[in-house]
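Note sheet for the following structure.
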Amino acid sequence: MNRHALQNRVFGIGRWVVIAGLVVITVFPFLYMVLLSFVPIDELLKNPGRLWYDTKVFTTQTYRDVLAPEDEGGQGFLGFMRNSLEVALLAMVLTMIVSVLGAYAVARLDFFGRRTVSALFLSVYLFPVIVLAIPLVIGFSKLGLAGSLVGLMLVYVVQTVPIAIHMLRNYFETIPVSIEESAAIDGASRAQTLLRITLPLSLPSIMSTALFVFMIAWNEFLFALLFLAAKREDWTVSLGLSQLSNGIEVPKTVLMAGSVILTVPIIVLYGIAERWLTEGLTSGADKG
């Protein structure tokens, strides 16, 4: 075996060792969290350092304790999930409607201050979230929207529109203008061109941006705390999980179950969206 072949073999083995190590570091904490969520607290206290437990001791009582309403002795996470889902979905839909139109305008229309508008969208993210939190809470309080899920949803829209417009604008600019010009020659209006040509070609970017917006709204904690802390029935999952982590009497296995409930919907949604993204990219390549 010559030197070049030996180097390729060593680097090949080393590459897979590194990949396997990264997979273990990334996946193991989540899998261990899922494992502990099915372990009774007394079993965990007896063997706190074990990496695996007998499947005979597994129980779903921790999930019943998390999901059951508070008046039944549970933590009420089922209601928190409903609140989070409503807020995240509405915020995602409104953000995407505004962002698609805004990004298309910035990418295609020639108007005064176009570059300035693009810079302003990004400048929002130069400031820490806490700097914007107080003015938003004061403003929404004067409008009577503080302390409500509607107000929280609108805050998420304000928070995510700038970055969504920036992400979509970059993708719209990669679509050749000649395609839209050909549609205009055939008699298509600007709105028809956007709906029938630009949006289908931009489906991968729209899907990934929508997923990104949903993740922000689903996991966000600071604004949920400022808006909803006084009304437990309107809490989101992130607020409920914070309450579990701070509770002295809450078993850690119940906390693990709450963490799984917070995480799994995002993983499932990403798995579904990844399939759609692949299909969109493949169909785009076939059309090209």
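Using N, Cα and C of the backbone, Cβ positions are placed for all residues, glycine too.
Features reported for this protein in TrEMBL:
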type     : residues : note
DOMAIN   : 81-273   : domain 'ABC transmembrane type-1'
TRANSMEM : 12-35    : transmembrane segment
TRANSMEM : 87-107   : transmembrane segment
TRANSMEM : 119-138  : transmembrane segment
TRANSMEM : 144-165  : transmembrane segment
TRANSMEM : 206-230  : transmembrane segment
TRANSMEM : 250-273  : transmembrane segment
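Counting same-chain residues at least six beyond the ends of the transmembrane segment (250-273), those with a Cβ under 8 angstroms from any Cβ of the stretch are 30, 33-34, 36-41, 44, 62-63, 65-67, 75, 77, 81, 85, 207-208, 210-211, 214-215, 218-219, 237-238, 240-241, 244. Per-stretch counts of Cβ pairs under 8 Å to the transmembrane segment (119-138) identify 206-230 as the leading one among 12-35, 87-107, 206-230.
Long-range contacts of the transmembrane segment (206-230) within its own chain (CB-CB distance under 8 A, at least 6 residues past either end) are made by residues 84, 87-89, 91-92, 95-96, 99-100, 129-130, 133, 136-137, 140, 146-149, 151-153, 155-156, 159-160, 163-164, 167-168, 199, 236-239, 242, 262, 265-266, 269-270, 273, 276-277, 280. If one looks beyond the transmembrane segment (12-35) by at least 6 residues along the same chain, the residues whose Cβ comes under 8 Å of a Cβ in the stretch are 51-53, 256, 259-260, 263.
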